[in-house]
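Structure first, then comments.
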Amino acid sequence: MDYKAAGLYTLDEALETVGFGKFQGFVLGYAGLGWFAEAMEIMILSFIGQAVKSEWQLSSSQESLLSTIVFAGMLLGANTWGLLSDNYGRRKGFLTISMVTFGAGLLSTFSPNYLTLVVLRGLVGFGLGGSSVFLSWFLEFIPASNRGMWMVVFSTFWTFGSIFEATLAWIVMPRLNWRWVLAFSAVPSFALLILYGVAPESPRYLCMKGNTSDALRILEKIASVNQTKLPPGVLVSGRSNDKDEESAPSENTAPLLPSLSKNSFSYYGIILLTSKLSSGQSTCFPSLQSNINPQDDGLYLNAFITSMAAILVDRVGRKQSMAIMFGLAFIFLTPLLIRQPAVLTTCLLFGARMNAMGTFTVASIYSPELYPTSVRTTGAGVASAIGRIGGMVCPLVAVGLVNECHQTAAVALFLVAIVVSIVCIQLFPYDTKGRELSDT
């Protein structure tokens, strides 16, 4: 059907016409604040764990449980929040996410004992599992032509949240105590609640539900704020069936889920390998006392990742971007199968870490693009949950090898995981570069 000749236009045509402007800038800021808050809450126990352990005389396993329970909560939340926002709307999704995260985060400040803190941090993790809702919401406002670049920009909020948390802990811990760090870390989630009233519903979600009148009002506001105009004609909720069959791939996306687990395993593994080999505390590799510091290098690493991913993702596509960066990570890691001088080891680890993080960033973009609007946050949530499993298994398997002085075996394991990931990437049924998002 010729929509233009019939005086009709679709949501994707409307977004392309109004472009990326001030309105999407606000959406970027609000959704990015959600990821900023998540990064802070996840990083927090890296800085207060020792203080809590000393105050309550905890064992090492009890201290570790404080971090594990957060990831366990995220595993459950990733599935729950996706279902909620797909059925009741994106706004209701991140309203309840923010309420749970802020409420549990603030209450954990007043924890009278260890058990209470564990329960409340688990609830925080449950709230943090909704990060895919913020990602999907922002995705649904962006024109297809430059969607990849802006999603890469969005991912930088995580890095800045991590750096901000480190700075906060550095300032607050010596002057106050760990409870104040918890309190201040809940502020971004509170800001999400304050700004909730001005955050619009996704027009794509509204169109998918057949509510084109509300979707049109939001599109008109976008056009007004961006100082552009909507296409002439009448907004329709989607393409006709024959057009859907022509433009939307019919293959299923089953290869995505196991690949994300291996992707996360490789990503977290390389990060932890960097930490272990450069900590200066290893009795196995005393020569590797380099200056790598994840927090100090965060800004530089983020600049590299953003530049590389932004260049690749809208030019060569999502699939090949991941394959290229994983291939580079493989090249950087391979020399570490044998002992290398400290300076060379530092450079190789930095290169591998940079490319693994870039791949993880593109995977986070690709995942919600694959799924239709009707199940986008659910699908992205399940994919995120599968990725968490890879992240949880990695320290038990791979880092244990490094602790037992089996560097070659640890590196070989990561290399195998990378190769399997690249194969899985090539099995993905299609690339989302420049494609309109599917609705059903």
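Including glycine, each Cβ sits where the backbone N, Cα and C put it.
In TrEMBL, annotation is done automatically, which means it is predicted and not curated.
If you look up TrEMBL, you'll see 27-433 marked as domain 'Major facilitator superfamily (MFS) profile'. For the domain 'Major facilitator superfamily (MFS) profile' (27-433), the mean pLDDT of the prediction comes to 78.
Sequence annotations record features per position, and here TrEMBL assigns region 'Disordered' to 233-255.
What TrEMBL records for 27-52 (among others) is transmembrane segment. Long-range neighbours of the transmembrane segment (27-52) within the same chain, counting only residues 6 or more positions beyond its ends whose Cβ lies under 8 Å from a Cβ of the stretch, are 58, 63, 66-67, 70, 94, 97-98, 101, 105, 114, 117, 121, 124, 128, 130-131, 133-135, 137-138, 141, 150, 153-155, 157-162, 164-166, 168-169, 173, 177-178, 181-182, 185-186, 188-189, 191-192, 195, 199-200.
Annotated transmembrane segment per TrEMBL: 64-84 (among others), in sequence order.
Positions annotated as transmembrane segment by TrEMBL: 93-112 (among others). Sequence-distant contacts of the transmembrane segment (93-112), counting only residues of its own chain at least 6 positions beyond either end whose CB sits under 8 Å from a CB of the stretch, comprise 34, 37-38, 41, 77, 81, 84-85, 120-121, 123-124, 126-128, 130, 133-134, 137, 179-180, 182-183, 185-186, 189-190, 192-193, 196, 199, 377.
Look at TrEMBL and you will find 118-139 (among others) tagged as transmembrane segment. Beyond the ends of the transmembrane segment (118-139), by six or more residues, the same chain brings 27-28, 31-32, 34-35, 38, 41-42, 45, 65-66, 69-82, 85, 90, 93-94, 97-105, 107-108, 111, 147, 150-151, 154, 189, 202, 364, 367-369, 376-377, 380-381, 383-385, 437 to within a C-beta distance below 8 angstroms of the stretch.
Residues annotated as transmembrane segment in TrEMBL: 151-172 (among others).
Positions annotated as transmembrane segment by TrEMBL: 178-199 (among others).
The feature transmembrane segment is assigned by TrEMBL to 321-337 (among others). Residues 263, 266, 270, 308-309, 312-313, 344-345, 348-349, 351-352, 355-356, 358-359, 362-363, 366, 407-408, 411-412, 414-415, 418-419, 421-422, 425-426 of the same chain lie 6 or more positions beyond the ends of the transmembrane segment (321-337) yet place their CB under 8 Å from a CB of it.
The transmembrane segment annotation in TrEMBL covers 343-366 (among others).
Annotated transmembrane segment per TrEMBL: 378-402 (among others), in sequence order.
If you look up TrEMBL, you'll see 408-428 (among others) marked as transmembrane segment.
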| note | Spatial neighbours of the transmembrane segment (178-199) not adjacent in sequence (6+ beyond its ends, CB under 8 Å) are 26-27, 30, 33-34, 36-37, 40-41, 44, 47-48, 51-52, 55, 91, 94-95, 98-99, 101-102, 105-106, 108-110, 127, 161, 165, 168-169, 172
